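Visitor: A single structure is presented below for examination.
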């Protein structure tokens, strides 16, 4: 393949680029597609998956075990600025996508490279670094930028030499973990970086199994050392050093150690390591090699150095006195202490052969480990960034390992790979499905294996995992290696309850996600100790070489004895925390065979990797899920140009809520409705092509806008006078329609004011209790709106101080209430006042206690919301809410806002609609001890639910609203504000005053089995019914009578006026054939009573009140036409008729004709 175009064409010919498009989704189909592409040297298929806010690819990389010409600068240029569906999958496409996503989304990115040892992870990381260095900077890059790019590229040969080695499965295997964070400025240019290394395999310095080598740098040094270095440091052939020959492998096929050494020395110069520091590095490497040549002479239980000449040369290389070096390698100081502040007695104990060899090897491993950390630190100094804006992290870490003999090193390596697999599951499977459920998206759930149980087996403290057991043995057992191994074998039985662990004689088996691995117990305790003896540290710090003493800055007495297992667990958790803060991209590396042969595809071996990597589950999630999702605000801010309802002339004009704006954009876009869904907080797009279509529409809008601007300018220039006339006409129209606009604004404002801020939350909470619990009248009215923070926590300094660190958490709900407390273990429960505060993470109950004659707020309980898995309430009329806590005593509170509190917890907590209703509630007094609350209805108990009778777990309640009572959704009337209607069972409610009986609105006819009768003394039936009917809303700013000629636009009827087509309640009546149903009429001719809400008449029949027309009533129209709402007659107090009375010159509109009988239901209130 000569160029990028030819390679691109071939990549599109064989197999499928995107394996989510396979016709049949099976492991066999995935394997066959990989083989078809691998046989044609196409090593990069992909899976298209979705992360939390953007589309990501999982790139599948097959190690070809040969050079393929697809990484040239010409191919780099092919991928710059190109969409990932325009070109075939490539490691460059992942690098390009992460880089562009960082710039466009303004978010940090990370590339997680995982796979077995020998699958090509290190090479993939190097290609990503190469691509980023090539595409950034441009032609105007400065000196600092070029320096940073050169350092980024030169980190690879330096770290590979000191951190990589040949293993049975990989000729260039990373024996340490590396997380390289590349920092960028706002322009997207590299501005520095940070390298974090994890768990260098120090044991390789002193031992290698047959077929493996030590770290590359030793062999490169032996081949490439200068003659001066050979003379000064005694460097000979690699076969002359014991540490380099235990694996019986001195060279690697295809690797030139001499050329590699030249690259290492060049990298040292680039990153700024001066000549003196380089000489000290060479001296340390030589010292390590010569330490390995030290041999011991054994006499009984005492081991002494056999070759004095070798000892003298090692002392020369370390610049320490020979006597102190000999003493540190042959003896050990032990001290017995007599008290905390008293110095004990020191003893010099000779070492046996095993202990002496361990001391010798420990010194060599410690020097190399410290030297490696120093190199990483120097790289970080060279890459230091002053103020980075964004970053891309590249994780290159050792792959999963399974050998014939697996020990502590393999356990640590495989543990880290389990953590990485857990991250992959969390981002691509677990979080994906949980988000669909949380957002209410319709899709089919996918079953998958969650390896958290394996991670817990290794790291968890309770029940103890393998690492905690190892640490415990290291702390408590100080015997020789065999005794420590026996103790470990016994204590590992505590892990047997985990189904992924098996104890087998002197070994134990762990069922990892990648397969079963058997580990040897022998030697694990010693390897886990990971500490250098006090004698050796003191000896090294006596060195005359400041570079060597700088490697061991800590004093021997201040060294903290942490274990290797503890360090790797801490580092792995820190790595997981860093990765979860970035948008992830994945490279899953596969091995075609275990023999490192090119053009050999081992089907069963590849199938095993396909299964444990979960590629089948990834494809299923992608095909049934949504490739892209983002929050409403970000979606509308980016794509508002697409819809004419949300933009005009390139400006955002949408004034509504974000979810409605997103819906308008999606409906107006030329996209099928099956390609998108709207969740509770995000927009979901099904296919990546849909997102690219939106991007094209957005880009094309600007091109079209240029033409529209030109056309608009020409139109304005050619039709200037016409535009001026249109403006004048528009202004006149605006003036004439001003009143209509005012009315429309007022109507919209009333609708806005009538809507509750948390209406959706209230309706969701109503579903929890509807039909299950007796209700309070106030909670069902439209007046009752959810507010959340009833205590106003922003101004409650005492309460915030009592919350401690939780004061910074956002408060969702707060109120006063009571809590059930137990004064002692055998004491009876009682109610005690509390402040109840619910944040996003915890529930706090705060009590007020007197200390030193001062009232002090004290934190009573702090309950994590994540531990509340269910709630209980009674079916009676009370305010008790029982919250069941998994790890502590249950929380029982009584508050007026129990339904709102339950709604908040159900929405943000772990209750998930798990609410039970019973009059006998069992609760945990403490963990493991249970008691019972009993709710009893007592008709004699007339106390309100706010002040219940509570004694010894028994609660007496009274009657409340029926459980079937519920709040309907908001309904909009033709006139007036929105209201919430309370639906109640139909029943007859009669109101009596004297001998008159009226039927309330919403009840059945009189005489059809009246159930409830309410006596209202001092009021007539119209006034009693008015307490249930909503009052009409007057026009704001009203009260001015309109001009003659008819009623004003939008005028409401006067209070007490009849509805259109019906008689006035209590209005005038002529001679009637019989008494009207309702109260006797007072005041007017023919015995009419005052209108509803009208004042009683004073002397002479004049109503009380000031001058002016009746409220909301228009003046009489011409010709004696009937007017709605009564007269606009004389002012109040001037002898005019009461409000709602007849208009002079004509009967009241809707009232009875003169001389005619009134309608029979004069006492009924008008229906809205």
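Quick reminder: no glycine exception, Cβ is built from N, Cα and C everywhere.
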Visitor: Can you check which of 549-571, 572-594, 595-617 TrEMBL lists as region 'Actin-binding'?
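Guide: It is 572-594 that TrEMBL describes as region 'Actin-binding'.
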Visitor: Can you tell me which parts of the same chain pack against the region 'Actin-binding' (572-594), counting only residues 6+ beyond its ends and a CB-CB cutoff under 8 A?
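Guide: Non-local partners: 34, 38, 49, 51-54, 56-65, 91, 94, 97-98, 101, 105, 107-116, 118-121, 124, 169, 177, 179, 196, 198, 391, 393, 395, 399, 415-416, 419, 422-424, 426-428, 600-602, 605-606, 609-610, 613, 615.
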Visitor: How many helix, strand and coil residues does the region 'Actin-binding' (572-594) contain under DSSP?
Guide: 8 helix, 8 strand, 7 coil
Visitor: Find, for the listed binding-site residues 117, 122, the residue with the lowest Cβ contact count at a 10 Å cut-off, counting only other Cβ atoms.
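Guide: Comparing Cβ neighbour counts within 10 Å for the binding-site residues 117, 122 gives 117.
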Visitor: Which chain-mates of residue 115 (ATP binding site) that are at least 6 residues away have a CB under 8 A from its CB, listed by sequence?
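Guide: The list for residue 115 (ATP binding site) reads 61, 121, 399, 400, 588, 589, 590, 591, 609, given in order along the sequence.
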Visitor: What is the Cβ neighbour count of residue 116 (ATP binding site) at a 10 Å cut-off, with all protein chains included?
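Guide: Taking all protein chains shown, residue 116 (ATP binding site) has 26 Cβ neighbours within 10 Å.
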Visitor: Please list, in sequence order, the residues in the chain of residue 118 (ATP binding site) that are at least six apart in sequence and whose C-beta is under 8 Å away from its C-beta.
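Guide: Listed in sequence order: 63, 167, 169, 170, 173, 399, 591, 594, 596.
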Visitor: Report the residues of the chain - excluding 115, 116, 117, 118, 119, 120, 121, 122 - with C-beta within 8 Å of the mean position of the site's C-beta atoms, for the recorded ATP site, in sequence order.
Guide: 63, 170, 173, 399, 589, 591
